[in-house]
Each structure stands twice: as structure tokens, then as C-alpha cells.
Amino acid sequence: MSLKPIICPSLLSSDFAFLARDSNYMLECGADWLHIDVMDNHFVPNLTLGAPIVKSLRKHTKGHFDCHLMVTNPETMIEDFKNAGANSITFHIEATESRGITQKVITQIKEAGMMVALCVKPKTPIEEVFPYVDQLDFVLIMTVEPGFGGQSFMKDMMTKVKTLRSKYPNLNIQVDGGLDPSTIDFASEAGANVIVAGSALFKPNQDPKETIKLFKDSINKHSPNW
């Protein structure tokens with residue numbers, strides 16, 4: 001199985017007053033998915049986009065909504081995001097494993113007709129997702145502490161990517177945090193093919209089309225060696 005590059009601009013770095021404009025512009029520049037960070041100011045110390053905003057945005061774009069639930073109780077939000085037009089939902093294993101409901105939430109998302117992924121924070125061993133990987137569409141490895149954009153890339157997280165890629169060669173592996181032209185090669189060489197980027201794509205005087213192409217070229221260059 002050949003894994004293609006999937007580039008996901010993080011709307012956390014967009015202008016919230018112009019979400020539809022920015023979303024469609026990124027798709028025109030070659031982006032594949034739109035990454036939507038959902039934070040509840042409890043699981044992480046920030047409060048961001050909820051289902052009503054996603055539902056409004058859905059009316060103005062056909063893009064794939066990659067919804068990353070950084071929330072304490074993801075199981076309570078699945079139906080709302082389904083109705084809002086989400087295409088995939090990623091939730092944190094740290095929010096569910098201690099309550100013994102990780103399997104329940106995976107099943108809930110799959111039965112709602114959406115793609116499903118698990119995410120691990122930097123301090124969580126990647127081995128925690130192994131029992132569930134065969135049921136997942138992808139795994140997200142955070143390369144910063146979740147909560148805010150603009151943080152520095154944590155290169156030591158590439159060990160997790162390499163471990164996951166070695167064990168699951170056909171798995172889509174997503175990385176999120178600090179990805180830009182100076183760090184993309186570390187991620188793609190380790191085995192990541194799904195890239196979330198915020199500041200690198202939305203900062204002023206930046207050509208996102210060029211950056212998206214650079215990201216894809218890096219993945220295509222390194223993927224034959226995985």
C-alpha cells in the first residue's frame with residue numbers, strides 16, 4: 001500500500017472572522033484536509049471552535065473536516081460533530097483510557113459514519129494505542145503540548161513516529177505541532193505522511209501553495225525508505 005501525503009492546515013491559525021475564506025483558499029493551494037482544533041478549556045487550557053461554528057463553516061466549503069477533540073469527554077460530542085458535517089474525529093486516549101471507554105468511543109465514531117483516530121500527547125507512550133490501531137484510520141502524534149499554536153517542534157517525538165511506522169507500515173500517521181519547512185524532513189523521514197501545520201501556512205507574507213508543495217515533496221522523497 002502506497003501512502004499519499006495529506007496536508008492539513010490548522011484553522012486555529014486562521015482568521016476566525018474569515019474561516020470560510022481561509023479554508024477554501026488553503027484547499028485551492030493544494031491542502032487535502034482542514035484540521036479543526038476543538039478545545040474545552042479543561043483537557044487543555046484553551047477554548048476554541050465548537051460544533052455550531054463547524055456546522056456554519058460546512059455550508060461554505062466541501063473540504064474534509066478533520067476534527068481534533070482536545071476535550072475531557074469526547075463521547076458527549078460525537079453526534080454534534082456528525083451533524084455539523086465532520087468527516088473524521090480524533091480524540092485523546094488520555095481522556096478515555098483511564099475510564100475504560102476508548103473502545104466505546106471508537107465504535108461510536110465508526111457507527112456515526114466518520115473516520116476515527118486516536119491521539120497521544122508528548123508524555124504518553126505510543127504503545128498505548130497499539131491495541132486499537134487495527135480499528136483506526138490514522139494515529140495522531142502530538143509534536144507539541146496541545147493547547148496553543150506557534151509552539152516549537154519536539155524532535156524527540158519522532159521516536160514514536162518511527163516505532164509506529166515500523167510496526168504498522170500501512171498506517172496513516174499524522175503529526176501536529178511546529179511543522180514548517182525547517183522541520184518537515186524530520187517528520188517525513190521518521191514516517192509521518194499526514195501533516196498538520198498552522199503558523200507555517202497562515203503567517204503573513206507566506207505562500208502556502210509553495211509550503212504545501214514542499215511538504216508533499218518531502219514525504220514523497222522519504223516514503224520509499226520507510
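From the backbone N, Cα and C atoms, a Cβ is placed for every residue, glycine too.
These figures come from a predicted structure and were not determined experimentally.
Features reported for this protein in TrEMBL:
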{"type": "ACT_SITE", "residues": "D37", "note": "active site, proton acceptor"}
{"type": "ACT_SITE", "residues": "D176", "note": "active site, proton donor"}
{"type": "BINDING", "residues": "S10, H68, G147, F148, G149, G150, G178, G198, S199", "note": "substrate binding site"}
{"type": "BINDING", "residues": "H35, D37, H68, D176", "note": "divalent metal cation binding site"}
- Message: Quick check on the binding-site residues S10, S199: which one has the highest count of other Cβ atoms within 10 Å of its Cβ?
- Response: S10
- Task: Have a look at the recorded positions D37, H68, D176 and say which one has the shortest Cα distance to G147 (substrate binding site).
- Result: D37
- Message: Residues other than H35, D37, H68, D176 within 8 Å, Cβ to Cβ centroid, of the divalent metal cation site?
- Response: C8, S10, L12, I36, D66, M70, T90, L140, V196
- Rounded to the nearest angstrom, how far is the Cα of H35 (divalent metal cation binding site) from the Cα of G178 (substrate binding site)? 14
- Mind telling me which of the binding-site residues G147, G178 has the densest Cβ neighbourhood, counting other Cβ atoms within 10 Å? G178
